[in-house]
Structure formats: structure tokens, C-alpha cells
Amino acid sequence: MDAKQTRQGVLLALAAYFIWGIAPAYFKLIYYVPADEILTHRVIWSFFFMVALLSVSRQWRQVKRLLKTPKKIFLLALSAVLVGGNWLLFIWAVNNHHMLEASLGYFINPLVNILLGMIFLGERFRRMQWLAVILAVCGVLVQLWTFGSLPIIALGLAFSFAFYGLVRKKIAVEAQTGMLVETLWLLPVAAIYLFSIADSATSHMGQNALSLNLLLMAAGVVTTIPLLCFTGAATRLRLSTLGFFQYIGPTLMFLLAVTFYGEVPGADKMVTFAFIWVALAIFVMDAIYTQRKK
């Protein structure tokens, strides 16, 4: 890879993880809209944005090829349920003052990825990776044993996104095409819920202020733009390099929660964060050491 491609890849990766990191600020703007309604808008408008993007980039041939493989289509239904659940839990957490725990979930996620890789893909742990995973587990167990609480939201986000990544890895479908099919699977449920079941003060778009409707439609942009940046970065950078950017998102979430939204991490959360941060430091050092050996 030449230097120009690498620079472009770095900028795209920074853009993707920066947008993901500050996404909670967008959801805070529409905190008064129920989380399930925000999810339906995210699904509906993401679908239409993906249709537009695939049309502009002329990638419908890939969609046609995918439609000829029923097994992949049905596996994308599973990944759609996983990512939909992840989106719903994240939106609910942010708008119910659990942004810190959401950030913890995405700090834990890389370690869960390692664990699932070992269990389902036959990948072997290096010693330092074992240590990192054990420390992360200890952080959760100490919180449970000492404080009688469990970071359910964090674990839910970490495991749902990790299983989503595992399923997508197994399917091996291009990101944009896969997301179109995922949102297509979720579209009927989202549309039926929004137009037939939801009955809140914001569920009828014809009665909403234009500014609110534009914010709700922006859910599609918040979803698709960072994905496009990420896929662009993935084609220009080595995966080992791209992996180091994944901590930008949860770090920004943590800073937003503490600095702007008044969330104060209690002793139980700080104990768990401390274990996770040490585990991630070991994980990153091991990755750097392994990369240099190659």
C-alpha cells in the first residue's frame, strides 16, 4: 500500500470512529422520542440511504448475486436481529443516562471478539491475550461480588455486536450490500410498528415539527456515513492497523458522558473500567509486539 492510500485510510478511519463516538450527542437531541421509535426511523431511513448509495455507486449487481444465495440471505436475517437489538439497547442506554455503561460495552467488545474467535473460529490465544481476557472477566466479577451489580447494558452491547461481527464474518458479504439486506429484513417490522402500533406524541410525522422530522431522518445518515468511512478505511489499511482506531469511539463516549452529560462513574463502574483499561493496554501491547515480529 502506498503512502497516499495509507493517509486516506487513516483519515477515513478517524472519521468513522469519531462519528460513532459522538453519535450519543445526536440521540440526546431527540431524547424525548421513545427508543423503539428512534430505532424504527434508523432502520427505515438507513434502508433508503443504502438504496441511494448503491444506486450512485452502481453496485446492484452485487445485490443480485447475493439474492441468488438463500443461505446468506437467511443468515443476514440473524445478523439483522443482532444489530437491531444492539441499536435499540444503545439508544435506550444513551437516552436513559447510561452512556458510561455503553462506552464500557464498546471497550469490552474487542476482548469478546477474541473470545468468540477462539470458540467459533478455532483461533488460538497468545499468552498476553489470555491475560487480557482474564482481567476483563475479573473486572466484571469484582463488580458483581463486591458491589452486587452487573454491567448488563455493557455486556449486552459487547456480546450483541461481537456476535454480529462473527455472523458477518461467516457470511462474507460486502458491507453495503449486507446492510441493505439487513435493513430490508427489519423494514416491515419497523414500518408496521411505526405506522400502526406506536402512539406517542412524536410517532405521527405529519404532526411533528419539520426540525424533529429532519432529525429523525438523519438517523439514516448517522448509520450509513460512518459505515462507508469504515469500509473505505478497511480497503486502504491493514486490519491490524485499523484495529487500533476502535478505541476512539468508546473514549469519546466516556468523555461526553462525564464532561457534558453529568454522568458520574461510581466506585463499581470505576473498578470495572480500571480492569478493562489494563486489559486493553495489554491487548494493544501484544498486538504491537506481534506486528513488529512479523
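In case you wondered, yes, glycine gets a Cβ from its N, Cα and C as well.
Both Glu123 and Thr235 are recorded by Swiss-Prot within identically named topological domains, on the same side of the membrane. If you look at the transmembrane segment (129-146) against the transmembrane segment (271-290), you find at least three C-beta pairs under 8 angstroms, all six or more positions apart, and that counts as contact. Against the transmembrane segment (239-261), the recorded stretches 12-34, 38-60, 73-95, 100-122, 150-167 differ in Cβ pairs under 8 Å, and the greatest number is found for 12-34.
Across the range of the topological domain 'Cytoplasmic' (1-11), the DSSP-based residue counts are 9 helix, 0 strand, 2 coil.
For the topological domain 'Periplasmic' (96-99), the model's pLDDT averages out at 95.
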